[in-house]
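The following features are taken from Swiss-Prot:
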ACT_SITE  Pro2  active site, schiff-base intermediate with DNA
ACT_SITE  Glu3  active site, proton donor
ACT_SITE  Lys57  active site, proton donor
ACT_SITE  Arg259  active site, proton donor
BINDING   His90, Arg109, Lys150  DNA binding site
ZN_FING   235-269  zinc finger
Amino acid sequence: MPELPEVEVSRLGISPHLVGGTIQSLVLRTPKLRWPIPQELKQLEGQTILAIHRRAKYLIIETAVGSAIVHLGMSGSLRILDGDFPAAKHDHVDLVMTSGKRLRYNDPRRFGAWLWCAPDESHEVLGRLGPEPLTEAFNAEYMMDKARNKRIAVKAFIMDNAAVVGVGNIYANESLFTSRLHPLRPAHSLSLEEWQTLVANIKQVLQVAIKQGGTTLKDFTQSDGKPGYFAQELQVYGKAKQPCPHCGEPLCEQKIAQRNTFFCPQCQH
């Protein structure tokens, strides 16, 4: 599943080709992804793309008449093409520019979304979201206050979009390992110093992942079709029973909040 770094990598990859350009047409090859594709998106035709933002794992393609909100779901990807190449089986949406370039959306599992948001309105999918993890609003004091009286596992807590957005499963595992924190620790039990360490490591892990082009485990590719290379940096994710890089103890795997969790029983407390 594309997480925040993969979505940010996609934004950085497509923006130079699209922002400031004019949309010639919108090609819809399916009426429905996770939700029905709204016909209001056709209003994009003839409009100039003013900016492409990211909020959590949503991309927002902004024009004067409204915005397209794009979510990659479990297996979605965006590519920039330099012409009208034949559509493959799972190519569901094309945003065709007057320059001849086109943004193509591919999604084998169809859990992604293309939505519409009118100007000066906020779509419901963007409501009740916590701060962005790479901003100053995400800090140790905020997280300690947010975790007060929260007995859920710290891993589940940092993956809750109401607390902080975009800390997906891969990066939660890696950040907790780097911080030497056990993923099952109750969120309220972390000290301010431990929150300072964890917040700093979440920021660092996400920044490195973005720099490396994200993590390609199966479906994700960058906008130029290349894979993300952060998979080569993973220390614990997907490495159950392999030796811990710090102490050599076999790494454990356990389900926490229905997500595969990897940790060292010796190093993480």
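Any Cβ shown, glycine's included, is placed from N, Cα and C.
Candidate recorded positions: His90, Lys150, Arg259. Nearest to Glu3 (active site, proton donor) by Cα distance: Arg259. Secondary structure by DSSP for the zinc finger (235-269): 0 helix, 12 strand, 23 coil. Put simply, Pro2 is the one of the active-site residues Pro2, Lys57, Arg259 whose Cα lies nearest to the Cα of Arg109 (DNA binding site). The active-site residues shown are Pro2, Lys57, Arg259; of these, the one with its CA atom nearest the CA of His90 (DNA binding site) is Pro2. Across the residues annotated as binding DNA (His90, Arg109, Lys150), the widest Cα-Cα separation comes to 42 Å.
Taken residue by residue with DSSP, Lys57 (active site, proton donor) is part of neither helix nor strand, so it is coil.
Cα-Cα distances to Lys57 (active site, proton donor) place Pro2 within 10 Å, out of the recorded positions Pro2, Lys150, Arg259. In this structure the alpha carbons, written CA, of Arg259 (active site, proton donor) and Lys150 (DNA binding site) are 19 Å apart.
Following the DSSP three-state reduction, the secondary structure of Glu3 (active site, proton donor) is coil.
Less than 8 angstroms from the CB of Lys150 (DNA binding site) sit Phe157, Pro186, Ala187, His188, each of them six or more residues away in the same chain. Mean model confidence of the zinc finger (235-269) amounts to 97 (pLDDT, 0 to 100 scale). Comparing the recorded positions Glu3, His90 on other C-beta atoms within 10 angstroms of each C-beta gives the minimum for His90.
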